[in-house]
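Undergrad: The feature substrate binding site is assigned by TrEMBL to B:His26, B:His261, B:Arg358, B:Ser385, B:His462, B:Asp470, B:His474, B:Arg521. What TrEMBL lists as site 'Important for catalytic activity' is B:His26, B:His261. Per TrEMBL, the feature thiamine diphosphate binding site maps to B:His66, B:Gly114, B:Pro115, B:Leu116, B:Gly156, B:Asn185, B:His261, B:Phe438. The Mg(2+) binding site annotation in TrEMBL covers B:Asp155, B:Asn185, B:Ile187. The feature domain 'Transketolase-like pyrimidine-binding' is assigned by TrEMBL to B:355-527. Annotation comment: TrEMBL describes B:Glu412 as active site, proton donor.
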There are 2 protein chains.
Amino acid sequence: MPSRRELANAIRALSMDAVQKAKSGHPGAPMGMADIAEVLWNDFLKHNPNNPQWADRDRFVLSNGHGSMLLYSLLHLSGYDVSMEDIKQFRQLHSKTPGHPEYGYAPGVETTTGPLGQGLSNAVGMALAEKILASQFNRDGHEIVDHYTYVFLGDGCLMEGISHESCSLAGTWGLGKLVAFYDDNGISIDGDVAGWFTDDTPKRFEAYGWHVVRSVDGHDPEAMRQAIEEARSVTDKPSLICCKTLIGYGAPNLAGSHDCHGAPLGEDEIAATRDKLGWSHPPFEIPEEIYEGWNGAEKGRAAEAAWDEKFAAYKAAYPELAAEFQRRLQNKLPENWEATVTEALQAADSKAEKIATRKASQNAIEAYAPVLPELLGGSADLTGSNLTHWSGSKVIGKTIAEGNYLHYGVREFGMSAIMNGIALHGGFIPYGGTFLMFSEYARNAVRMSALMGVQSIFVYTHDSIGLGEDGPTHQAVEQAATLRYIPRMSVWRPCDAVESLVAWRAAIERKEGPTSMLFSRQGVPPQKRTPKQIEDIRRGGYILRDTDGRPDVIIMATGSEVALAMEAAETLAGKGIKVRVVSMPCTDVFDAQDETYREAVLPSDVRARLAVEAGVTDYWRKYVGLEGKVLGIDTFGESAPAPEVYKHFGLTPENLAKIAEDMIS
Amino acid sequence: MPSRRELANAIRALSMDAVQKAKSGHPGAPMGMADIAEVLWNDFLKHNPNNPQWADRDRFVLSNGHGSMLLYSLLHLSGYDVSMEDIKQFRQLHSKTPGHPEYGYAPGVETTTGPLGQGLSNAVGMALAEKILASQFNRDGHEIVDHYTYVFLGDGCLMEGISHESCSLAGTWGLGKLVAFYDDNGISIDGDVAGWFTDDTPKRFEAYGWHVVRSVDGHDPEAMRQAIEEARSVTDKPSLICCKTLIGYGAPNLAGSHDCHGAPLGEDEIAATRDKLGWSHPPFEIPEEIYEGWNGAEKGRAAEAAWDEKFAAYKAAYPELAAEFQRRLQNKLPENWEATVTEALQAADSKAEKIATRKASQNAIEAYAPVLPELLGGSADLTGSNLTHWSGSKVIGKTIAEGNYLHYGVREFGMSAIMNGIALHGGFIPYGGTFLMFSEYARNAVRMSALMGVQSIFVYTHDSIGLGEDGPTHQAVEQAATLRYIPRMSVWRPCDAVESLVAWRAAIERKEGPTSMLFSRQGVPPQKRTPKQIEDIRRGGYILRDTDGRPDVIIMATGSEVALAMEAAETLAGKGIKVRVVSMPCTDVFDAQDETYREAVLPSDVRARLAVEAGVTDYWRKYVGLEGKVLGIDTFGESAPAPEVYKHFGLTPENLAKIAEDMIS
C-alpha cells in the first residue's frame, strides 16, 4: 500500500511534468494542494468516475482554475476518461486538458474556472441548488438529493469582490453542505501577499456567518481529515477550511515562492523535486499500486448503485415525483409547454395592452412559470422594478429552502455566477434581474455562461434612456450592443407584450446557452400582427409592416423604438413613400436564419436602410452598411423625464421620418 | 439660533419637496442621513463654497448617490453655486441637479455616484492620493497637503463586491484620513435587508484592519460628533462609523419602510412630515436663520486664506517644489515633455526591435515616467505580465507612502474605481494593468471614468488569442470592440514599439477622458515608417503601406494583426494587386479626424475593403460596409500555443491574402 504522501506525490509529478512538457502552466497550486485533494477525494468525495453525470454526485470545483493540472491529475488517477495521453496533451489544441478547466472538455469538470472568484460562486450556486432541490423532492426516508459541494480556492479568489457577494449569500442561506478549502500559501503572482492582502480571512468569513476551521496544516492528511469531518458536522452553515500550505510543495528551491506559481519548474528543479519527494518514476509513468490507491471506479459504482436502489424505492412510493425529478434533471420541457405558450400568445395578442415590456416580461413569467417549477427567479435587489416576481413566487431563506425566488441583494456579479452554478447543477432554470446598466457589474459571469453554454436567463430592465430621471449612470447606451458581441449569447429586445412572450419562450427553449432579455421601463404600444407575423418573431427579425413592391426604404428597429419606426412609417406612407418596417428583437437569431429568409426580410438591392435603436449606432452598420443611416445615441444619456430625453436625442418619429426622407430624396 | 435638528430638517424638507416636484427620486436616504450630514458639514468639513476647486479641501463623497438631494441640499445650504432654482430643477434636463450627482454638473460634486460601491472606492482613491501627495510634497512645518476624505454609504454599497476590494486595500494601506459613514437603516429596495444582508459589518471591517465605531445613533448630533472625533483620532487606520438611522426620518407613516426609499412621499405624507418635524415653511423656502446656520462661505474663505498663507511660506522655502505642486494640481505637462517624446520615438524607430507590445508599453513608461512623477502605476496582481513597472517604480505600502507604484492585488474593479478617485483628487495620472479579459471585472468603473471624463489610463495586456495556452477564459475576443463602444473612451491597440509610444503619448496628453491601451503578449515585428507616417499615427489611422494609383483593395488592421496585413500585402503585390494597408490603432481618434483626412485614407470609391483583427468581426462593418470582408473571430478562443491558435482561426497572411484576392476577382 502506498502512503498518503505517495498518492499525493502522483499529482505533484503529473503536474510538474505536464507543465514542463507544455512549456507553460501553473505547477505551484497543484503541488501545494495535492495532500488536501488526496484526502478529500479518497476519503470523502462521493462520485462515480464511470458516470460523471450521476445526479447525486458531490460537486467538486477548482476555483483557482489555473491549477488545472490538479484537477486533471485527480480525474486521471481516480479513473475518469482522462488518459495519460490526454495529460500529455495538456494545453494543446483540441485536447481534453486545456490551460484552464473548461466545462464540456473533460468528464468530471463541473464548471469552467480561471476567472478568479467565479468558481467559488458557482459552487455556492450548486450548493444552493442541492438544498432547494432536496426540499422540493426529498420525502421522509427518501433522501434522493443529498450531496456536498466542495470548492478549492486561493488568495486570488478571496481578493476578488465577487467572493464577498457570493460568500455573504452562502452565509445568509446557511448552505451547510458547502465546504470551501482556502489554499493559504501566502503567495500570488506579484509575490508575497503580505503587501496587498492583509485581511483576517477567518474573521471575515465568520462575519458572513460561516463556520471556519482555522489554520489547518494542508500537508498533514490526518489534520485535513479531521477538518473535513468537522466541516461536514456543521450543517447549518457553510464551512471554510483554512489550509496552510507551501506553494510548489516538494520543489526544493522554488517551493514557497511565486516563481513556481505560473511557470514550469525547469528540468533541474524537477529532477531535484523527484529526489526530495522520493518519486523515482519517469515522467508520465504511475506505478500500478498508486493507481490502485486512487481508483475510485469501484467505490463509485457501488455508491451510484446504492443511490439507484434508493431512487427505485422513491419511484415506487412517489412515481409522479420521480418522473418529474427525471424531467427536471434532463432539462426537458413539460408536456403542456407548447399549449401554454400558444394560449399566452393568443391572450396577449387579443388583449393588445400598452404596457412596459418589463411588465410584459412579468406577464410572460406569470403565464409560463406555473408549468415550469424549474424556474428559479430572483433579482439583485430590484424585484419591484425588474418585475421578476410573480403570483407564485415563494422566497427562499435560511430556513425556507422550498421556494422559487431569491433575493440576491445588491450583488449582480455574485447573482450571475450563482445562477451559472445553479444551471450547472441541474434541476433548475435560473433567471435573475437587474437594470441593463448593471449587467456591467456582472459582465464576466454573463460571458462565462455563454462560454460554458449553460442556460442562465438574464432579465435586464430599464434598458435605455427611457428610464429617464435616474440619468446617465443608469441609462444603457452601449450595453445592448456589447451583450450581442458575446459569442453564444442570445440577446432579445422585444417591442411589446407579444414579442416579450416569444423572447421568454426562446430563452426557455434554448438549452445550449444563455439568453439576455432587455426590457423597457416605459410603456410601449402593442403592435398588430398576422398569425404568420407572430410565428416569424421566433426568427429574430421579421417584416412588421410592409409595402407593395420594392420598398423605397427599410426601417429596422428594436424594443421601444419599434413604435417610433411604425409611426414614422405612417408619416412616410402618407407621402407616398414605400416603407418596410423590420422588427429585429434578436439579431443573433436573425443572423442564424437561412439566406433565403434573411434576403426576403432585407433584400440586398435595397440599400436605403435606416436603423433606430436608443443605443450606439455603429452596431447597426452590419445591416445598413456604409450607405445606410442609424438613429441612435453615441454619447452618454441625460437625467430628465423619459419623453424629454428622447426628444433631446432626436429619437422621435418626426426626426426618423425626416432622415428616411432625406435618404431617398 | 436654530437647533441642530432644525438645520437638518432643512435637508429633509428640500429633499422631500424636490422629489415630490420631480415626481421621482429618493427621499429616504437624505432624510435618514440629514443629522449626520449636518454635524459633519457644520462641525468638521474643511471646504470653501466659494472655491470648490481649492486643492486642500476635504473631499466629501455620497456613495449612495441615489440620495442626491442630500448632497444638493448641503451644497445649496452651505453656499455653493446651487440655487433654489437649481433645486427646483431636480432631475430635469440640463439642470445642475440630475437624478444622481454627476461630476461637472454642480460645483462641489466630487465624483459621479449611483452605481453602488464605486463612490466608496473613489473615496479610497482620494484618500490614497492625499496620503501619497502629502508624502511627496509636505516638508517639516509645511503641511500643504492635509485633508480628510469623508464618504457616506448605504447597505447597497456594502453588498457590492467592489466594497470588499477597495476597503480591503484601504485597510492594507492604512488610510487614516478616510472616514466612512455607514447608513445602517436596515432597508434596501426589496425591503428589510435581514433576508439578504446578514453580514456582521463591523466585524468584516475589523477583518480589513479598519477602526470601527459601532452602533452610533445617527440622529443624535452629540453622539455623531464624538464618533467623528474618535474616527479622526485614529490616524493609522481608516474608520467606519456605523450609524443607526431611520430611513425617511420624520415621515410619520413611511419612515423605516422601503416605500420611502425610491419614490416621492406624496402630498399627504409630506404635510404630515412637516407637522411631525415642526417645519412650517412652504416648499423651497428656507428661513434666513437656517441659511445663516448653514453658511460655510465665511469659514471657508478663512480656511482657504489660512492655507494660502501656509502655501506662501512653503513657496518661499521650496520654490521649485511649490511650482511643481502647482503644475501637478493643474495637470499640466512638464516643459521637457515634447522633447522626451521625440527622443523616445526616434530611438524606438531606429532600434526597430521585434518585441511584444506589452514590452513596448513598458519601454514607453520607462521613457516617459522620469519626466512625469505624476504617473502613479499599478497592476491587479499581474505586474510581471502587464509590465506596468519600470526601473523607477517604488512600491507604496502601509508605512511607505512616498512611492509611485501600487500592488492592487487581484482586484480589477476596485483598482479601476480607486484610479478614478486618484484622478479626481488631482496631482496624479493613475495607470493600472490587468489582462484585457479582466477589464470585464472592472467594466462599470471603466465606463464611469469615461462618463466623468477623468484621466485614468488602463493598460490591458494579453489582448487576444495571442496569449495562447491560458485558453478561452483569458483570450479576449469581443473586448476591444466593447471598450470602443463606451462613449468618450479612447482605445488604442498599437502594432509595434513606435505605435505604442504614440499610444502612451496620446493617453498622457488626453486630459478630457480615459484611455484604454491594448497590448499583445506575443512579439510583433517593427514596421518601417517615414517621418510623416510616424506623425500620422496620432491621427488614429494612417496609410502604412501604399500603392500607386487607386488601390484594388484596402486592408485595415490593428495591433498584432498589422504584421499579417503587411505580409499579405507583400504576397498580393507580388501578384500585381494594388494593396493599401491602413494601420488603425485608434478608431475613435481616426473617426474624429476631418473628412478630408479620412477620405484620403479610406477613399469612398474603394469598396474592396478588408479588415483584420483577432476579435469580433461585426465591429468593422462601420469601415468595410456590406461589401467588404472582415477576418476575425466570432467564437470563443482555444487553449494552445499562440501560433497554433492563430492558424486554427485562419488568422494567417496566406488566408488574408486569399480573401483579398477572392474579393477583387
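Backbone N, Cα and C atoms are what each Cβ position is placed from, and that goes for glycine too.
All annotation found in TrEMBL is predicted automatically rather than curated by experts.
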Undergrad: Listed substrate-binding residues B:His26, B:His261, B:Arg358, B:Ser385, B:His462, B:Asp470, B:His474, B:Arg521 - what's their greatest C-alpha to C-alpha distance in Å?
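TA: Roughly 48 Å, rounded to the nearest whole number.
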Undergrad: Could you check the binding-site residues B:His26, B:Ile187, B:His261, B:Arg358, B:His462, B:Arg521 and tell me which sit with their Cβ under 8 Å of a chain A Cβ?
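TA: Near chain A, no listed binding-site residues qualify.
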Undergrad: Just name the most isolated of the recorded positions B:Glu412, B:Asp470, going by other Cβ atoms within 10 Å of its Cβ.
TA: B:Asp470
Undergrad: Are there any residues at least 6 positions away along the chain from B:Leu116 (thiamine diphosphate binding site) with a Cβ closer than 8 Å to its Cβ? List them or say none.
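TA: In sequence order, B:Ser63, B:Asn64, B:Gly154, B:Gly156, B:Cys157, B:Met159, B:Glu160 meet the Cβ cut-off.
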Undergrad: Looking only at C-alpha atoms, tell me how far B:Pro115 (thiamine diphosphate binding site) is from B:Arg521 (substrate binding site), rounded to the nearest Å.
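TA: Approximately 33 Å lies between the Cα of B:Pro115 (thiamine diphosphate binding site) and that of B:Arg521 (substrate binding site).
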Undergrad: Between the recorded positions B:Gly114, B:Asp155, B:Ile187, B:Glu412, which lies closest to B:Ser385 (substrate binding site), Cα to Cα?
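TA: The answer is B:Glu412.
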Undergrad: Around B:His66 (thiamine diphosphate binding site), which residues of its chain at least 6 apart sit with Cβ under 8 Å of its Cβ?
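TA: In sequence order, the residues whose Cβ lies under 8 Å from that of B:His66 (thiamine diphosphate binding site) (at least 6 apart) are B:Gly25, B:His26, B:Ala29, B:Gly99, B:His100, B:Gly114, B:Gly262.
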Undergrad: Taking the Cβ of B:Asp155 (Mg(2+) binding site) as the centre, how many other Cβ atoms fall within a 10 Å radius?
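TA: B:Asp155 (Mg(2+) binding site): 25 neighbouring Cβ atoms within 10 Å.
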Undergrad: Counting distance between Cα atoms, which of the binding-site residues B:Ile187, B:His462, B:His474, B:Arg521 is nearest B:Phe438 (thiamine diphosphate binding site)?
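TA: Out of the listed candidates, the nearest Cα belongs to B:His474.
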Undergrad: Hey, of B:His261, B:Arg358, B:Glu412, B:His462, B:Arg521, which of those recorded positions are within 10 Å of B:Ile187 (Mg(2+) binding site), Cα to Cα?
TA: B:His261
Undergrad: Under DSSP, is B:Ile187 (Mg(2+) binding site) part of a helix or a strand, or is it coil?
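TA: Once the DSSP labels are grouped into three classes, B:Ile187 (Mg(2+) binding site) ends up as strand.
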Undergrad: Take the domain 'Transketolase-like pyrimidine-binding' (B:355-527) and average the pLDDT across it for me.
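TA: Over the domain 'Transketolase-like pyrimidine-binding' (B:355-527), the predicted model scores a mean pLDDT of 98.
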Undergrad: Quick check: in three-state DSSP terms, what is B:Gly114 (thiamine diphosphate binding site)?
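TA: In the DSSP reduction, B:Gly114 (thiamine diphosphate binding site) maps to coil.
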